[in-house]
């Protein structure tokens with residue numbers, strides 16, 4: 001078994017530069033998953049940060065890199081007492097593919113949220129009856145990543161993958177890493193982009209390429225699978241925004257993200 | 001009258017560098033508004049972009065600059081046919097204060113959204129009965145910006161400013177630029193951060209400093225005031241996230257934003 005830690009390993013190459021190896025197995029139709037790439041960059045950034053945890057990460061996706069060797073360059077921007085900011089970029093052969101900004105801090109354990117709004121309901125089918133996605137997309141393209149991460153959809157969301165989208169624009173279910181490894185702030189950066197595009201629950205379309213992804217990490221996740229709700233909000237022109245909420249196995253909201261992506265509804 | 005275009009004017013200093021003058025009037029308790037700073041950076045970025053409009057902007061706030069002269073440095077990251085990415089940073093005396101990434105494109109007019117989720121209800125009191133915020137905060141600090149931009153709150157949200165927060169964590173109302181100038185994609189970057197922190201509708205606290213702000217611009221705004229709803233979602237530890245939705249005078253959703261900020265609830 002190849003763990004998530006294995007496929008996001010970073011090796012120091014120079015004081016602010018790392019080499020990484022983008023796995024061909026963490027891809028859909030040959031494209032590395034964006035959250036997987038962001039997690040790699042986040043891991044390199046955490047190596048050079050005086051604070052241990054990502055609080056906020058914002059990534060712009062310039063090009064989809066080929067799997068294989070790549071470099072990550074990190075530039076500290078400001079080092080503070082409670083928060084610090086760093087820039088991370090992933091390059092292949094000196095061509096930038098992912099540009100990201102990070103605010104780092106320390107996520108201390110708290111008994112629970114001090115206040116919360118009504119959030120999307122994380123109540124979901126038991127993971128045992130949720131349906132695991134296989135390594136082929138509804139459009140028949142290879143989704144090698146689905147043989148690595150375990151994405152299990154609520155049965156009524158899974159209908160979107162059998163050609164019957166509900167029109168709600170919502171994909172929800174459970175997520176586990178290879179071997180059931182515990183999530184941490186780095187792998188949460190993958191979690192917020194691990195689910196299929198919520199637009200597949202509106203219409204079957206081609207690739208939905210992410211332009212921008214912003215993640216906020218709100219608590220350290222307890223061991224166990226995550227509950228994920230990915231929701232489309234507005235399709236206007238050729239773009240859609242999606243909001244992703246992630247709860248840990250105790251029901252605590254541990255990450256929130258939004259992304260802007262390209263989409264062509266039929 | 002000093003217009004928004006005046007206070008965000010950028011002057012070319014070198015091929016990829018601009019000088020700007022941060023207005024002491026667009027401040028709260030002496031701190032320049034974050035959205036105002038981001039709009040300046042966005043304006044400089046648009047000068048060097050082959051595409052005219054900001055689609056997505058992600059800003060990390062490193063330090064609050066003093067009003068006065070500053071520089072903006074722009075670095076094109078990728079130039080594409082339909083989208084391009086650029087980095088913008090605002091510095092005072094070579095010290096970076098705001099770091100931001102932009103994905104640029106062309107927002108073409110469309111008859112309306114192709115699909116939309118249930119979004120926060122923009123139904124609001126008539127602007128004539130909404131209550132304009134004055135140039136003093138509830139805590140008695142100067143809010144010079146409120147004499148420039150026109151922020152009018154729904155009467156029931158305004159109670160938060162008289163020491164009676166509703167507990168909903170929502171501030172909604174109307175926004176107009178000086179002289180009623182029309183909004184454009186640059187000033188929308190200000191609009192998404194123009195309203196008071198939604199946490200003031202939970203409890204009266206001190207300054208709520210923004211760590212990260214991401215804005216998605218979804219349509220070109222029609223002339224007239226904007227409707228703005230700023231909503232807190234989760235306070236956990238010393239951080240809160242807020243979601244801001246902005247509609248134009250025709251009721252069209254033109255911008256969405258999230259921010260992560262520091263807060264200390266009593």
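Cβ atoms here come from the backbone N, Cα and C positions, even for glycine.
Per-residue pLDDT, averaged across the domain 'Acyl-CoA thioesterase-like N-terminal HotDog' (B:23-105), gives 98. Taken from TrEMBL, the feature domain 'Acyl-CoA thioesterase-like N-terminal HotDog' covers B:23-105.
Under the heading domain 'Acyl-CoA thioesterase-like C-terminal', TrEMBL lists B:139-262. For the domain 'Acyl-CoA thioesterase-like C-terminal' (B:139-262), the DSSP-based tally of helix, strand and coil residues reads 26 helix, 50 strand, 48 coil.
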Helix, strand and coil counts within the domain 'Acyl-CoA thioesterase-like N-terminal HotDog' (B:23-105) (DSSP): 14 helix, 45 strand, 24 coil
